[in-house]
Amino acid sequence: MAFSPKVKRTTKHGDGAQNLLRSQKDAYARLLNQHQNGKFRSYLQELATQQVEESMSTSVSRSVNVVSRRKKGNSESSYSVDSLSSQQSRQMADASICSYTDKTSYQVTCTEDQGIKPGMLEKHARMELHKAAAPKKVPSKPQHKRNEKDIKISSNLVGSEEGDSQQLSCSCGEEQAKDKSKKKRLKGNLAKKDEGECGPEVDVITGKSPNKNIKAPQTQASKESLLQNNKDKGTKSGRGSRKQLFEEYMRTEDVSAGLERGELIKEVSGDINERTLANQMVPKAPDVIVEARYNEDDEVIGKMKNVCLHDKAPVTTQSVKHGSAFNISGSSSERAMQRTGKVVIIFEQKHSRAASGFLKFLPNKNFAMFSPVDHRIPRVNVPLVDCPADFVSRPGDYENVLFICRITHWPADNNFAEGRLAKTLGQAGEIEPETEGIMTEYDVDFSEFSEEVLNCLPQDLPWSIPAHELSRRRDLRKECVFTIDPATARDLDDALSCKQLSDGNFEVGVHIADVSYFVEEGSVLDQIAGKRATSVYLVQKVIPMLPRLLCEELCSLNPLTDRLTFSVIWKLSPEGKILSEWFGRTVICSCIKMSYDHAQSMIEAPDKHFSAEELPPCSTNHRIHEIKEAILNLHNIAKQLRAQRFESGALQLNQLKLSFSLDKESSMPQGCYVYQYQDSNKLVEEFMLLANMAAAHQIYRTYPELAILRRHPPPQSKMVDDLQEFCDQMGLDIDLNSSRGLHRSLNENLGNDEYAAARREVLTHMCSRAMQMASYFCTGALKDENSFHHYALNVPLYTHFTSPIRRYVDVIVHRLLAASLNCGPPLSLSLEEVHKLASHCNDRKTASKRVQELSSELFFAVFVKECGPLDSEAMVMGVLDQSFDVLVLRYGVQKRIYCNSLEGLKAVHFRKVGKRPEMTLVWEQADPSKESTQQEISIFTLLNVQLKADGAPMKYSAVLKRPSALI
């Protein structure tokens with residue numbers, strides 16, 4: 001890491017305040033060089049202000065002079081996939097360390113307590129804002145190698161010149177907005193995870209308590225009492241007292257008062273967007289950003305409940321006191337400023353408090369040090385009694401052994417948490433121990449179902465449909481109904497049917513497994529299904545939501561077997577226009593289980609005669625020709641529906657998915673490939689979407705307060721604007737004004753050569769960063785019906801109905817549908833219970849998705865280790881000052897290449913033209929008499945890379961080949 005230059009500060013001899021600060025000058029300089037970040041800068045500002053106030057009152061002129069020397073050496077940053085900023089980049093270290101890299105000078109934040117009058121403060125703040133807005137060119141600095149996950153992380157699409165300017169210029173305005181009687185602030189986090197290293201500030205999303213470095217707004221009484229408590233702690237504990245490192249959360253009564261005054265926002269239903277974790281939008285207030293403590297693209301591991309608001313530029317005390325997230329008073333320039341927030345309290349902690357990691361022996365201690373694999377989680381002191389019996393005598397035997405540790409407590413005066421060892425997993429680098437560690441950390445319940453749960457299932461096997469149940473349903477067993485699923489699928493929860501009518505129209509049916517028939521509401525089985533909320537799909541196995549007797553047999557729409565279903569049947573014109581619609585409970589008998597490849601072969605060869613040997617076993621009641629005609633008709637209608645969807649404004653941002661071929665005995669990866677999305681996939685998708693939309697309208701029409709739907713908010717406008725500016729500077733004809741324009745741009749304006757798909761994938765990844773996450777919600781919890789809208793699909797109402805075997809929300813939707821059609825009992829849940837259920841399902845869906853991603857990463861790392869090195873072309877996705885991100889085209893994975901790891905590289909020259917980052921690599925020649933070879937790196941540049949295993953378990957890196965190797 002390149003250190004920022006020390007800022008010379010003029011001092012007067014005998015100046016008491018400056019002498020007090022000078023005693024820690026060297027320490028501050030060292031810390032600044034290692035932790036150049038706005039939040040750490042704020043900590044130093046507060047600490048210095050506190051020391052000055054304790055020693056003496058500082059004059060107005062000297063305070064202003066100190067502040068006027070604030071902004072020094074903002075470094076240039078670069079666009080990393082979804083970001084042009086490197087100020088929040090992470091340094092990779094086994095100690096789980098987080099480093100920040102923007103340069104700044106040490107400063108004292110001016111406050112009214114230092115003698116500055118409000119008018120002077122406001123005037124000076126405006127001067128600082130004007131100064132900060134002026135662009136500065138300073139040398140860029142190298143960036144340390146960071147964790148492999150960092151390729152997926154980013155801040156927003158804004159350069160550090162702009163971001164730092166806003167942060168530096170807002171201090172005075174924020175101070176003026178605070179209560180005048182505030183004399184002290186609690187210190188932020190200066191946590192170190194090891195000697196000489198500074199640990200990351202606690203991310204409140206992780207639910208770690210107490211939180212670090214949160215400046216919570218407090219009432220006059222609460223501030224005075226908190227200060228008095230701190231004084232008491234310092235005096236009572238005597239010489240051996242330990243300083244409190246982390247600030248406590250706000251008190252509940254202060255939160256209530258802040259909410260009433262409009263200074264706080266209570267987040268009710270939305271979750272933090274994992275894909276833009278660097279800057280989170282508060283769902284109820286789209287103009288407020290919560291700046292994350294960690295710049296890591298990971299799952300939501302806690303829920304933000306309250307945030308306090310402040311501006312990124314100076315505002316008056318009145319505007320802060322009376323402004324809210326929805327109606328900000330003040331001038332037009334103040335209204336245009338980006339509002340930011342910080343978490344001040346967490347009401348519900350959701351992280352499992354469990355982590356996988358390694359044990360380190362500490363001599364002369366009665367505890368060992370646990371180092372989590374996830375470097376966002378703090379190191380943990382665990383008692384030696386929890387460790388293996390021979391750990392003290394033979395610690396080396398456990399250097400490569402994975403353990404599970406659960407955090408039990410984190411004292412406010414300790415940099416390390418306290419916890420207990422829960423389990424020994426096995427050797428690091430092996431698939432099963434690594435997989436169990438992932439599932440435990442993300443709180444996936446992979447235990448066997450209890451006898452009490454299994455007793456809720458039908459006991460008389462083989463089971464058959466009771467006669468009285470058949471009499472209640474529409475009998476479709478003689479219809480040509482079939483399933484289309486992945487070849488390896490075992491939980492078949494949807495089937496299709498299509499027959500042409502005499503008038504030229506089509507009767508099309510979507511038939512979904514009737515799971516709610518077997519899962520009685522309120523039963524033990526229902527409770528465990530609701531708790532799991534979703535099945536978790538790993539590379540080598542599935543962790544089911546329901547017992548396998550249900551999800552693979554009784555509910556699964558297996559061929560040639562009578563099954564209970566919930567169906568929606570339409571009368572459609574050949575153009576896909578809905579002429580009529582019917583919902584109801586049915587019984588079907590699937591005539592064939594087809595894979596996507598089988599259906600695709602029929603679509604690609606409509607005139608071919610398929611023999612029985614080319615297809616899976618088929619019912620004798622339906623000819624293969626009849627099945628093929630049904631698939632071709634569905635394909636033609638699906639093309640019409642798809643075209644209409646995108647013409648009306650739908651957007652699809654599909655990203656590459658890696659699939660594996662596994663050894664049947666060992667489950668080790670034998671090969672990998674990028675999954676191909678075919679017309680057969682699109683066929684099934686269109687009719688599932690149509691069924692989900694139909695179900696949403698039906699349940700909302702009948703139960704406007706209890707319906708559970710799925711919404712997708714529009715993208716974050718600031719990030720969209722920055723991305724649009726970037727695309728314009730890159731010469732890309734991309735329309736980001738609407739979902740329709742974006743979809744058309746991605747599919748029509750990127751050329752038609754062999755690398756057009758790669759460019760589309762790179763740009764899709766950039767666009768995805770601005771998108772917010774879709775989420776479930778209870779309609780009674782959101783009063784504005786416009787907020788129900790699904791941005792990507794561009795439809796007013798949407799839900800999930802088609803996968804009840806693997807999603808619990810779909811089970812609830814089935815119950816609502818049955819009640820609305822008078823073929824089932826009314827839902828017994830209240831509005832509040834449905835709301836909580838929706839929130840829980842959001843959490844579990846997010847965790848499940850992340851576990852699935854980590855499982856894929858794990859298997860690919862094993863594949864690289866066993867079969868590597870692997871060569872491939874790659875396309876540049878983002879450029880930082882000392883590294884760049886690439887999309888490896890052959891495997892669809894994204895990796896970061898660090899310049900300091902490239903052998904033969906002589907120099908790196910980084911520059912930015914507006915928001916467009918560029919880099920020149922200067923390579924040494926074997927012959928010193930020859931000139932060095934230069935290689936230009938920018939977005940969309942094609943490179944040749946090599947993937948090879950690292951020394952650490954489950955890690956691999958991408959290495960750029962020298963230009964000579966490209967010939």
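Keep in mind that glycine also has a Cβ here, set from the backbone N, Cα and C atoms.
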Original post:
Taking 1-20, 261-280, 741-760 as the choices, which stretch does TrEMBL tie to region 'Disordered'?
Top reply: 1-20
Original post:
Which whole-number mean pLDDT does the model give the domain 'RNB' (473-823)?
Top reply: 93
**OP:** Could you measure between Asp485 (Mg(2+) binding site) and Asp493 (site 'Important for catalytic activity') for me? Cα positions, answer in whole angstrom.
**Re:** 9
Original post:
Do any residues at least six apart in sequence from Asp494 (Mg(2+) binding site), in the same chain, have a Cβ closer than 8 Å to its Cβ, and if so which, in order?
Top reply: Thr483, Val510, His511, Ile512, Ala513, Leu557, Val684, Met688, Thr802, Ser803
Subject >> Intrachain C-beta neighbours of Asp493 (site 'Important for catalytic activity'), sequence separation six or more, cut-off 8 angstroms >> reply: Ile512, Ala513, Val515, Cys555, Ser556, Leu557, Thr802, Ser803, Pro804, Ile805, Arg806
